[in-house]
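Accompanying notes for the structure given below.
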């Protein structure tokens, strides 16, 4: 029966799949071991205290030995009670261990004659004819080289501080291994530690027999040991003897450890503190930081206007606010030459009635009646805003007429001619005008700077011709519009106008000579309601010198005052007006509509359309200042 089982085992082990090559693979060994366990199920059990294999080892890949333990059964401890058998591919039967003595007690040694590399082996332990343990392996898988020998070390160098040193550790491969011939390739692993430490430090495996060790302390002692293994395997052999490394005694002061500033700790604590500070800053100022990083989208609004007015649809109040502020004024109002502004003084309520235009309008005083037509010159010497159709070429002629005219500063002038006197004398051609030249003196009335100034109604020559025609016709006097009188401005921006009144005056009758009047009226050319230097010379040449001591010669002391032709013609007819008391009523102008409230002290009025004849473009000339007029006057 045993022979039959042995033959079956050999048949399985010698199959073509298992032994197809010259060497056995681990898979084959596993399959062989499984086959043996199937054939001999008694080998699987070893829990009764029977002997068992502990290890099988080959130190140089030429020989190997197997060891087992003693069993707990004392009957098996007698010599010859435990036997080991082995089988391999080239033999067809189990053979007993060739040497029970060389490897020691409870061991079996296989010398080179019984060792075959890359050949699987199966071994078993028997006691009294029964199998107690078994094992299958290949020789190359059980290689565990002997430890290296001849360890020593050499000092390489010492640091300048005499604190650290570098050494080189050397050893020799196991003497029983044929490393030089390349029969076996070994890898070495070095372990070291300080003398009083328990934990060994390990270096990376290397295939050389020497390794340097750096930065060893001169005041310390070190222990070094080395072990080896076959390349591409995981089982190391035993460690070599421990090598003690002791450096020669150095100067104690040189061996003192140099002080090292704890930069690492300071950097770590600094980073930690900075992170905490930044976190607290962000946590406390998160709203502000959010506003800086992500600013809110501004709500659409207009400066100075409550958004609720737009939501409630109060467009009238919005338009009023836009009209008051200059910033929101349309360009149309800036470019419109037919719009004039009235400046108001509402600082002192007592000054509103003192010397106002209403008093001058209602007064019968001759001097106040002439102030009605005073005007503020906002053009500062430019062409009047009431002549938008004058060609640009006229301005060049005006600049070349009088090079010494002062046109750089804004001027303020009040004066009005008695147009009705001259008009009536031209119609009647009365011979009683011989005494008129004595009274034809230019008159200039200065206006206080802090008082409200009425708007000057004047413009082109055609406009004055229309006014002359209306004044000569009593039935059309009631339709003349001059300006509107503003009495107060409410806090809401509303304007209160004074009621219309009329001054009673007689029909003007002048005693001036018709020849003088005719020549004066014919020679004056009105250009922008200012007095030209050429016209002034003509007027002075034509006006006869009258010795009237009661008349006061006009003096022009205020600088930058311009003379209008109407002011000069008014002086010519003033004496006749004083002698004759008119019986007709000169109408106070009707109220004109207010276009918009520009500012707390300014109004924008609608232009009054007067009947204009066909436009006639007249050449303009330079303006005459008061100083120049005084020089050319006789």
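Cβ atoms are placed via backbone N, Cα and C, with glycine included.
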Residue from 157, 606 to which Swiss-Prot assigns N-linked glycosylation site | 157
Where Swiss-Prot places motif 'WSXWS motif' among the ranges 231-235, 236-240, 241-245 | 236-240
Matching range for Swiss-Prot feature annotation, motif 'Box 1 motif', among 275-283, 284-292, 293-301, 302-310 = 293-301
Among ranges 189-212, 261-284, 333-356, whichever one Swiss-Prot labels transmembrane segment = 261-284
What number of additional C-beta atoms lies within 10 angstroms of the C-beta atom of residue 56 (disulfide bond)?
-> 21
Per 10 Å Cβ neighbour count, which of the disulfide-bonded residues 66, 97, 108, 122, 136 ranks highest?
-> 108
Taking Cα-Cα distance, which of the recorded positions 56, 66, 122, 152, 157 are within 10 Å of residue 108 (disulfide bond)?
-> 56, 66
Nearest recorded site to residue 157 (N-linked glycosylation site) by CA-CA distance, among disulfide-bonded residues 97, 122, 136 | 136
Which of the recorded positions 56, 66, 97, 136, 196 has its Cα closest in space to the Cα of residue 152 (N-linked glycosylation site)?
-> 196
Rounded Cα distance in angstrom between residue 122 (disulfide bond) and residue 196 (N-linked glycosylation site) is 47
When you tally the Cβ atoms that lie within 10 Å of each candidate's Cβ, which of the glycosylation sites (111, 157, 196) has the highest tally?
-> 111
Residue 56 (disulfide bond) versus residue 136 (disulfide bond) - Cα distance in angstrom = 10
